[in-house]
Amino acid sequence: MDGEVLTEQETALYDRQIRVWGVDTQRRLSKAHILVCGMKGTVAEFCKNIVLAGVSSLTLVDDRVATEEAISANFLIPPDENAYGGKTLAELCCDSLKDFNPMVRVSVEKGDISSFGGDFFDNYDVVVASCCSLATKKSINEKCRKLSKHIAFYTVDCRDSCGEIFVDLQHHRYSKKKLDENIKCQLQYPSIEEAISVPWRALPRKVTKLYFAMRVMERFEEVEGRNPGDVLSADLPGILKLKKELCEANSLNESHVPDKLLERLVMGTREFPPVCAIIGGILGQEVIKAISGKGEPLKNFFFFDAMDGKGIIEDISNPESGS
Amino acid sequence: MDTIEVSNLNRQFLFRQSHVGQSKAKVAREAVLKFRPHIKITPYHANVKDPDFNVDFFKQFNVVLNGLDNLDARRHVNRLCLAAEVPLVESGTTGFLGQVTVHVKGRTECYECQPKPAPKTYPVCTITSTPSKFVHCIVWAKDLLFAKLFGDKNQENDLNVHSTDAASSSEQAEDAFERRKDEDIEQYGRRIYDHVFGYNIEVALSNEETWKNRNRPRPVYSRDVMLNGLAQQNGNIFGATDDPSSVSAMASLGMKNPQDIWSLMENSRIFLEAFKLFFVKREKEFGNLTFDKDDQLAVEFVTAAANIRASSFGIPLHSLFEAKGIAGNIVHAVATTNAIIAGLIVIEAIKVLQNDTNNYRMTYCLEHPTRKMLLMPVEPFEPNKSCYVCSETPLTLEINTHRAKLRDFAEKIVKAKLGMYFPLIMHGSALLYEVGDDLDEDMVANYAANLEKVLCELPSPITSGTTITVEDLKQELTCNINIKHREEFDEEKEPDGMLLSGWTQSSSVEKDDNKSIDNGGSTSNASQTVPVDSEKNDEMGSVSSGKKRKLSEVPDAAAQDFSSVADSDGSRNHKKLELVDDDDDLLMLDADPGINKKKRLQ
């Protein structure tokens, strides 16, 4: 790493976090470019964290016009219709985020992210996709993987009081502390397509039920052509039926995807702010780890359910390809 | 009561640069109202230990959420919540670790059911004569040298205490620290340097006994270390701004990087330059100065002094950045962990408000997963039946009732151990001592007299078998203490001459000795019951600039080793930990039995 010293301003502002992760990590953060799409509550929390951490730039994509529902769990957007009326979620969040750290460049990119090409994504070190259809997630992930640069790819979604993070760091080298030494390690990550196509019966027995439930919701939206999160209580019977079909097709006992859990995910249309904070915090930490190359990143799913309070890592990958 | 500082802004996101210096409570309120305008928020820019915040005050609330940074305040609020019967959600974070705990009177442990370690203290002689860790050098530089030179002259100071020839050395010490008439500032500085780093070491070396099993320190003299070109190096002291807070030895000497580990020579230059700058620019403050981690010149001085001493004793040197953290008891903190813990606090608070009593839990945020979990929920424990705070179980005190005075009892037990600041001490119906504003002169005189009496000679004598009752009206806490007379106490193990039992507070004194000095800090944000795997701390790069150094140097209670909660056993003296785990263990319906035998991926 080059021998630049942090500026006095950076040293003063970042003192407490430099004591956690060191100057080298702080320097790497200051050169990192982050792209984020889908500005709901959880992503807002993540953006706040990554801006405070001191990245070089943050680009927001979300052309949806603000509505009361859309901003209900988004603390970056003041609930004053006179203020937010007519503006897009990205624009509103951008204005707020700039305030958190004047040293970070925050901007908006307009357009449909699924139409952006590889050279667009090449500008970034980290891409976070939220409020996207499965098809869009796969497409962005593929484009990132085709580039020679190693882009860290994440998806994040919260439904009701549950949250899910997916991580794809491709081939990731990192160092971690073991006793008093720094040891070099590496991990191999599957793409999102590869991960979710691992047959359910091939997964370890105790994989969290939330994984399966999220896949059911995802599949329902795909089949019905719905926008992400666009599910009503009237859909519940259809979703339960789909669950049955998927379990059968996967030779999985239905009890692995409890009806009650699906019901919660269907009925809980709004995000739950404390879960946004928790998921946004975990995601923030993971992105910082990926940028710094220090510390073992989680592989490759993280789940949180406020009902049982567990924050669980699940490794959903094909046993043949491994690190 | 805190005001906003620049170093808060990396995580306390309700605050902006323009708010630095303002009240946290007031600014936080304004910031929250921006995105939730209809909440009623009342800010109090005050200390939660103020008597205004009494039991009646706490009774107004359905739930109390703590975000405190010291043990005293937490214990205080714990007691008030118990007295007011209001559930308390406690929490803490340090770096990547954190936890949230719920405390409901009668249902769960109170915050003090599991004793929390007090801040680390060090025996005096370790600091004055036989340092073995860098933190010992810091404490010496901060609480002895800095205090002696720039602080209250009337304060007792242990500098120069130990030598074979006590009388003459103390005489010399008096002279040594006083500036001689018309003495040149540079010369004065070098003289002090030579005295503390040279002469005092020689004196210590002359005591053979001390060094029998220890590495002998090397005396350091300025003439051996310094360049004579120092005088030419000094830049800007005349001409630079007169603002005392911007005066800096590093700036003056052109040393820019606080992460650098300076050589002995560089440390010496900083020492002498900082010394000079204090005298030239800040003499007005002498007699009143206490070390402040945000005082750049003070930090430079203490860093340099600690490093020179460390060099003498063969202890690794540290950068200013590291030294500042140790001297200032700085808690390392990031926005992400705080966000996670904040979310968890709200989840518990909502349960309290909904009276969802069966679902309260403690949640631990781990740096490394345990059983796949980064966030680990745990069932709360039942109240500890021997907790003197919530179960009002009597304690036992072994003490020499013929020798110990009431004052000793009041200071060492009531205040220091029990954390009561407005106590009433009674024997049966006889009121032996109390603190209050509305006492009449006679009573005050009576209490003062009592303090000086030996226990068995009090108007209502305290002897073996007596029960003393101590009450704190503010905390609404009553504690009964059964007295057992004991003649002898081990000077090393029981330096206070008293032994309180029935309640275990783990003391953090490194090696017991007659007296102890602490680093002046209170505990950090993180609680002491955070579980960690064997590999704790610091995965994301060490704090130091490349050299490997354990964070155990930090006298911060939160950096100590803890036993893993998930595997706790007899270290807890009551109910075993129950993980909240409601997974149904149903078998998968599968055709191929071979599939289940697949190996877990690394």
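A Cβ is built for glycine as well, from the same backbone N, Cα and C atoms used for every other residue.
Because TrEMBL annotations are produced automatically, they should be read as predictions rather than curated entries.
What TrEMBL records for the ATP site is B:Asn8, B:Leu9, B:Asn10, B:Arg11, B:Asp69, B:Asn70, B:Leu71, B:Asp72, B:Ala73, B:Arg74, and among B:Lys24, B:Lys26 the residue it adds there is B:Lys24.
Between the listed ranges B:86-109, B:158-181, TrEMBL ties the annotation region 'Disordered' to B:158-181. Taking the C-alpha positions, the distance from B:Lys24 (ATP binding site) to B:Cys113 (Zn(2+) binding site) comes to 31 Å. Comparing local CB density within 10 A for the binding-site residues B:Asn8, B:Asn10, B:Asn70, the maximum falls on B:Asn10. Within the set of binding-site residues (B:Cys110, B:Cys113, B:Cys387, B:Cys390), the lowest number of other Cβ atoms found within 10 Å of a Cβ is recorded at B:Cys387. In this record, ATP is bound by B:Asn8, B:Leu9, B:Asn10, B:Arg11, B:Lys24, B:Asp69, B:Asn70, B:Leu71, B:Asp72, B:Ala73, B:Arg74; the longest C-alpha to C-alpha distance in that set is 26 Å.
B:Cys110 (Zn(2+) binding site) and B:Asn70 (ATP binding site) are 17 Å apart (CA-CA, integer value). The least crowded of the binding-site residues B:Lys24, B:Arg74, judged by other CB atoms within 10 A of its own CB, is B:Lys24. Of the recorded residues, B:Asn10 (ATP binding site) and B:Cys387 (Zn(2+) binding site) place their C-alpha atoms 38 Å from one another. Among the binding-site residues listed (B:Asn8, B:Asp72, B:Arg74), B:Arg74 has its Cα nearest to the Cα of B:Cys390 (Zn(2+) binding site). Listed binding-site residues: B:Lys24, B:Asn70, B:Asp72, B:Cys110, B:Cys113, B:Cys390. Those with a CB under 8 Å from a CB in chain A: none.
Rounded to the nearest whole angstrom, the C-alpha distance between B:Cys110 (Zn(2+) binding site) and B:Asp72 (ATP binding site) is 15.
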